[in-house]
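Participant: In case it's useful when we look at the structure, here is the feature table from TrEMBL:
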type     : residues : note
TRANSMEM : 14-33    : transmembrane segment
TRANSMEM : 180-201  : transmembrane segment
DOMAIN   : 198-250  : domain 'HAMP'
DOMAIN   : 258-475  : domain 'Histidine kinase'
Amino acid sequence: MFGKKIKHTFFKSLRFRILLILIVIGIVPSIIVENVIVNSYENRAVDIRTVNVKNQCDILGNQLMKEDYLNHPESEVINNELSMLSAIYNGRILIINEDFRVIKDTFDIDVGRYVLSEEVIRCFEGEKNTPHYDKKNSYIELTSPLTVPGKKKVKGVMLISISTSEIADSIDMLEQRGNLLLIAICLLVVVFGYFLAGILVKPFSRVTKSIEDLTDGYLDEEISVPDYTETELITNAFNKMLSRMKVLDESRQEFVSNVSHELKTPMTSMKVLADSLVGQENVPVELYQEFMQDIAVEIDRENKIITDLLSLVKMDKKASDLNITEVNINHLLENILKRLKPIAEAKQVELILESYRPVVAEVDEVKLSLALSNLVENGIKYNTEDGWVRVTLNADHKYFYVSVADSGIGIPEESIDRIFERFYRVDKSHSREIGGTGLGLAITRNAIVMHRGAIKVKSEEHKGTTFSVRIPLTYIA
């Protein structure tokens, strides 16, 4: 099973694919070259033999006509020359007269018979015939017209069939040597290709080894393999991911630490108050009531932290958990401001709502209401006396826009990038005094992102803050 896995892994590897490409590049051209050489040799050999035979047949044909061989085929000189030519080329020669009758056959088989083949007829008609090469049966067949010198009329035809077995033997030998050379080239390509592929793949192996060392905890630094552009891109991408993971890990550790601290602080306060009551005798009722009120405040604070944590956990879930319905955003904002009006009046902060057009959108009413309430409530809490919070609603054909601006204390420039982090507070002491948990903006951001929206913030210390929210009118799953 393990052997099969290794085999399967090798065939999927880059090394095997590079090796395969090198083999194809090395062997395919060799096969093509071998075939070209063999075919060229064969065509050349056939052409040379055909030309030689044709020339000798033309010379012999002139002698035939001078000796009037077509009418007197008993000439021993001509017969000997025909037999010699037939023997030299391991072939057969037929002399055919005007009646298409064979008057001479070097094999003495068809003498007296008639030959009406297409090649013979065309030769008698004065047409030029192309020699026919039969590779399968290893012979060349050609015709040579017999004419009286100075006249065009064909008096007879010499039909020659010559063997090409010698050429076939030479081609077989050439192919055998070519195949041996091809095998040698193949072996060289495989060996060379295997080592070359190993050299080419080595940087990727180093990348893999570095990543494995990082994941196993043996390294705690960025990796660098600049051999190729590709390996550099991979390592850069991995280093970016590693940096983000480190930031995420630090964020998680900080989150756990903050959760522990935030939950522990009210508990510590309640324990101190309770111990003070237990450690005293004859505690006055007024003091007892004061301590119990302080304990109740700490319990409320603990409850708010837990509630916000639960809300944040829900916001971290998939967007498919949204309960999407068509909601009138104008009414939603009116209800939020109506609900928060007592808090604003207590701080002498004016709430202003500006709606430029009726807006109906597909949203989760509960989650969006929570997100926008957090923005307005923060604008009230971190404001100054006689300040204001202005909520603006607008829309186009694709999105609706909510802007929450205030005249409050503002956010320092160095803190703007971190205000959406969990438990992050710009002014921790002031936040605790007004009951902040540091989770509100994290909840707001998650809710808006779940709606495929975006949130931006602009702020200047002592001049105010503006949160700009953009959400699609139609929810995109």
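Cβ from N, Cα, C; glycine included.
Can you tell me where each of these features sits in the structure?
Facilitator: Tertiary proximity for the transmembrane segment (180-201) is limited to same-chain residues at least six positions away from its ends with a CB under 8 Å from its CB atoms, namely 13-16, 18-19, 22-23, 26-27, 30-31, 34.
Each residue in the domain 'HAMP' (198-250) has a pLDDT score, and their mean in this model is 75.
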Participant: What does DSSP give as the helix, strand and coil breakdown of the domain 'HAMP' (198-250)?
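Facilitator: The domain 'HAMP' (198-250) comes out at 41 helix, 0 strand, 12 coil.
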